[in-house]
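Listed features, source TrEMBL:
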type	residues	note
DOMAIN	130-555	domain 'Peptidase S8/S53'
ACT_SITE	139	active site, charge relay system
ACT_SITE	202	active site, charge relay system
ACT_SITE	519	active site, charge relay system
REGION	559-599	region 'Disordered'
COMPBIAS	587-597	compositional bias 'Basic residues'
REGION	641-669	region 'Disordered'
C-alpha cells in the first residue's frame, strides 16, 4: 500500500463538462496480466501513469491520488471531479468508480457465558486461547499501556507478520504487535499525521473484547468487580488500524487499512463500523472483504444499530460474517418499588450504596403538564413543575440520558426513572448517572404511569441490587440490532448470527467502560473465529463461517426459544453463538427456532472439506442437504418479521412474506 501524494490545489482540469467540486473517488481498474509488481512503489507508479493518460490530465495524478491499493482491490482512490470521472470511464483500463462513503463506529463475563472456559469441554484449552493468530482491528485506534494489552507470557508474533508499529518503541509488545493510522495522511512522509492512539475509546473497547489479556478485578463504576475480564481469544495477537477520526470513518481509509492488514499477515479482520447501504460493487467493505476472504482472511462486521425495523442491516454482503447484538445473563439491577407494592426490575450502571430505600413522592411531568417536552425531561421543560425531593419519571428519547440527569437534578429531583420507548421495549442499556436512576422496559413504564394516574399521592423508591448473574432467558435479541433482509439483495438472509452486544464491560481509554451496540458483538465473533482458525488452520473463511453458524445455540439458558426484546408482534427468528437470551422483564416476543443444541467443539463445516471460496448459492444448497440429512432445521438469525418458512429453493425479493427451509440464526450471546 502506498500513498502517491494528495492535494486539492495546483490542478489541471480536464476539458469536459461537469462538476468542479473535488470528491474522493474509489477507482477500480483492470488488472495488468502481463506485468507483475514486486514493490508497492511500482503499483503506485502504474496507477499514476493510468490517471495521467486521461485526456488533458498530464502531471495531475501525483497531486490527486490518495491511496494505491494492491491486495483487496486493483485500483486507487483520488480526488476527482465528476466530469473527470466521466472522461476516465471511456478509457480501456477503467472498470468502475464511486464516491467514497462515510462510515461510523457502532456504539468480561462473556467468555464464560459463551462457554469458552467451561472446565468439561473448554474451547480455550482446545485452541490455546488463539495463540499465534493475528486479529486486525479497524476502528478508532488503541490505548497503549492498558492492562488488557499486557503481553505477560505471550510468545512473539508468528514469522509471517509483516506489519509495523507507529507508536513509541515501548508501546507495542507481543500482544499489541502493530498499530498504524490511516487518518489524515501526510503527502510527504506518506504516513498519517494522526497517531494510532485512541482518543474516543471505541477501538480500545472492541480490541480488548476480541483478544484482550486477563485483567483481574475489572469493573466500571464499582460494578462486576469480582470478575476477571478478558477477550474471546486472550492469547491472540492484536494489530490495530486507525480509520476513524472522532465519529467519521472514510471508506477510502477503511479500504487502505484492509489492504495493509492483508499485506501484514492478519488472520481475522474485525470491523465494528457501519455505513450506508450500497450496491456491493460500490461498497468498499464488501469489495475489500471479498478479496481479503479470497486470500484466506476472515472478515467479521457489525450489523448496525438501527433496529428493530426491517431492512436496516448494514455490511450485508453474503461473504462477510454480519453480527447482530443480543444480551448476556448479567444485569445491573435497580428495582423500582411502587407505593402499592409492585416491584419492577430496571437497570443502572450507578449503584449507590448510601441510597435509603424510603418511599419518595413520584411524579410524571408529562402527565402533570400535558407537555410532550416535559415527558422527555428536556432542558427547561420542568420549569414550574414541582419535582423537588421527588422521583421523576422521564420518557427515553428527545435528548440524551445524561441531559435528563442534569435537567432533573437542576430542578431538585431526588431520583429518576427512565422509561424505554415502544421500539426499544425490553432493551435496557445502562449508563452512569448523577441521580439515583432506574431504566425500565416500556411495558413496566406503562405500569408506573398507570399507578401515578390512579393514585392521589403516588410514591416509589429504587432498590439497587448491584451486579446480578444468571439472568434467566438469556440471550435475547436486542431491540436496536439491525434487521434483514438486505436492501441490496432481499434474498440474502442477514444478519448471520448474533453475539453479546448489550451492556458489555471492556477496556476504555481510562480503565473499563460498559457499552452496547453491534460494535460490541462483532469483536466477540472475531475472537471466536480466531479460536477456530487456531484449531483448524487449514479451514477457509467460508468453512469457519459455516462452523460458527451451524454450531450456534437456538435456545436460551432456560432451555426455551430465544426471545426478542422488540414489542410483541415483531417476530425475529434467531440463533446465538452462546447459551441463551435474557427475559428479565416480562413476556418478550418468542423466536421460533427448530434446531437442536449443537456444541461448539469439535467444529466441522457443513462438508468435511473446507470450501475454497464462499458462494451464497452453494452455501444455501449445502444447508438444504444438511437439513435433509439430519432432519434438523438449521437456524440463522435473519432479523426479519414473522412469515411463512423461507424456501431455500425460491429466493425472491418479496419483503412481506418469505418461503423456505426455515433457516433461522441465533442471537449470539
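From the backbone N, Cα and C atoms, a Cβ is placed for every residue, glycine too.
Note that TrEMBL annotation is computational and uncurated.
Around the Cβ of residue 139 (active site, charge relay system), the number of neighbouring Cβ atoms within 10 Å comes to 27. The number of other CB atoms found within 10 A of the CB of residue 202 (active site, charge relay system), across every protein chain shown, is 28. On the backbone, the CA of residue 519 (active site, charge relay system) and the CA of residue 202 (active site, charge relay system) stand 8 Å apart. There are 30 other CB atoms within 10 A of the CB of residue 519 (active site, charge relay system), with all protein chains counted.
Geometry remark: residue 202 (active site, charge relay system) versus residue 139 (active site, charge relay system), CA distance 7 Å.
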